[in-house]
Amino acid sequence: MTGSSDNNSVPRLVIKKILANLQKEGEGALVRQGITESEHKLLDSFKLLVEFTFSLSAGFPDHPHRGFESVTYMFKGGIIHNDLNGHNGTIRAGDVQWLTSGRGIIHSEMPEEEVNNGLQLWINLPSHDKMIEPKYKVQSSLDIPRAEEKGVEVKVIAGDSMGIQSLVYTRTPTMFLDFTLKPGSQTHQTVPELWTAFAYIIEGDEGVFGSLNSSAISAHHVVVFGPGDLVSVWNKSTSRPLRFLLIAGEPIGEPVVQCGPFVMNSQAEIDMAFEDYQNARNGFEMAKCLRSQ
């Protein structure tokens, strides 16, 4: 078992499951989008979840962001990150990049190897944080705390589990846990009662979520949980591990308007973001300079 629970715990049951279908995006890129606009109200504070795979011929050249944090978690290969604020580096398999776009950032994410696979999560920022200065942090795979007991391994990227606490500070309070369950094992993780919570299944075909009598759910599904304070998961497989991310966050409860790379509170703020980018001001001063490579 992981986390702590007692007889007064309220299990979080599955209220929705979404298959993240594989889609082509440009040349050499495949994506699975797990959170779309229809899930935003169920998952307040989370705006996008996409699993991506791309080759050396693909990638994401310079593009702007404003108003949210992005979390990039690599499973295979690597991404070379450059931005016009001077943050440069490569995130490789097992590494995590936290990027607070704040008032504005322009960056590129380009492939390092022939096969590059990972996941990106967008976390909304409250209105009072949307125009803060950008920040950038990388967690090396070796620096991510982890624990293991009774056939369950967890990597604590943000939040806490099995008595292990991540040192990562997130402006929007967030839990980000990477679980691997051996065949026949189970885990029971406490989650703050008022937070929204979901899982994304990376590997496995016989994961049972929320209740022991629920139907098994396979890889590449997003599993949305209802209210409660305890997430329970069982791996019913006798031969294959079950790997999933458990992600939860404190709802912000504010109006949200998303348009392309900007996440703001109103259409007027979205319009201003585009104007600022086009006119190289208010966080986008470097827009007309040499592009990052």
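Residue 1 is the first one shown; counting continues down the chain.
Keep in mind that glycine also has a Cβ here, set from the backbone N, Cα and C atoms.
Curation plays no part in TrEMBL annotations; they are all automatic predictions.
Among the features that TrEMBL reports, Fe cation binding site is placed at HIS63, HIS65, HIS107, GLU109. GLU109 (Fe cation binding site) has a Cβ environment of 24 other Cβ atoms inside 10 Å.
Summarising the annotation, TrEMBL assigns domain 'Pirin N-terminal' to 55-123.
According to TrEMBL, the feature domain 'Pirin C-terminal' maps to 177-283.
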Q | the domain 'Pirin N-terminal' (55-123) - residue tally per DSSP class, helix then strand then coil | A | 0 helix, 47 strand, 22 coil
**Q.** DSSP-derived helix, strand and coil totals, residue by residue, for the domain 'Pirin C-terminal' (177-283)
**A.** 12 helix, 47 strand, 48 coil
Q: Could you work out which of the binding-site residues (HIS63, HIS65, HIS107) has its C-beta surrounded by the smallest number of other C-beta atoms within 10 A?
A: HIS63
